Amino acid sequence: MKNCMMADQRGRSILQYQPIVGDEALEFSRGLAPSTFGFRYAAYMDRNHFLPSGRTAVKHIADPTLAYVMTRYRQCHDFVHIITGCGRSIEEELAVKIFEWKHTGLPLGLLSLLGGAPRLSAAQWAHIRLYWEWASRNAPSSRHGEPAVPMYLNVPWEDMLAKEYDEVVAYTGITPLPDFLEKRQKH
């Protein structure tokens with residue numbers, strides 16, 4: 001993950017400045033217009049009774065840069081829920097974990113899939129194929145040397161809070177899962 005961040009201009013900047021998403025970002029987001037990315041973030045966090053400060057600190061990683069990369073991975077998880085349009089059902093959480101695995105290569109996403117699979121009905125399990133396709137289409141990619149879909153750790157989410165949600169979607173190139181599923185139903 002560190003190498004992917006170092007290979008991207010925005011990622012290098014994030015590693016240099018190491019922004020931390022704190023409770024003040026959530027407080028700021030609560031006052032934003034309903035059409036903004038930040039408002040959706042605040043609504044998600046409040047609905048689930050989450051606080052950015054509630055995440056357990058990264059431990060057992062001696063290298064400070066690698067420790068920050070893991071901190072960023074954890075802090076960006078809530079932003080991934082917002083940009084992908086996924087809630088917190090088991091199915092949606094598994095979709096997010098597949099998405100994260102496609103972006104980071106961390107096996108945690110696949111392990112979550114294995115752990116969550118027994119809790120899924122046959123119909124829900126059938127949806128996993130669609131989620132896999134969606135995550136694959138939203139994996140980091142580039143066109144003509146420029147990121148078409150950046151690795152989500154390289155997105156300056158903390159700078160996106162006041163932007164319109166649709167603008168952030170366009171910036172990231174990520175298709176929210178509900179939009180993907182709606183298009184699939186039409187075809």
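Here the Cβ of each residue, glycine as well, is placed from N, Cα and C on the backbone.
Listed in Swiss-Prot:
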- HIS77, ASP78, HIS81, GLU93: Zn(2+) binding site (BINDING)
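In this structure, HIS77 is the one among the binding-site residues HIS77, HIS81 with the smallest number of other Cβ atoms inside 10 Å of its Cβ.
Under 8 Å, Cβ to Cβ, and six or more positions away along its own chain, ASP78 (Zn(2+) binding site) finds TYR41, TYR44, MET45, PHE50, PRO52. If you take the C-beta of GLU93 (Zn(2+) binding site) and look for same-chain residues 6 or more apart in sequence within under 8 angstroms, you find CYS86, SER112, GLY116. Mapped onto three states, the DSSP output places HIS77 (Zn(2+) binding site) in helix.
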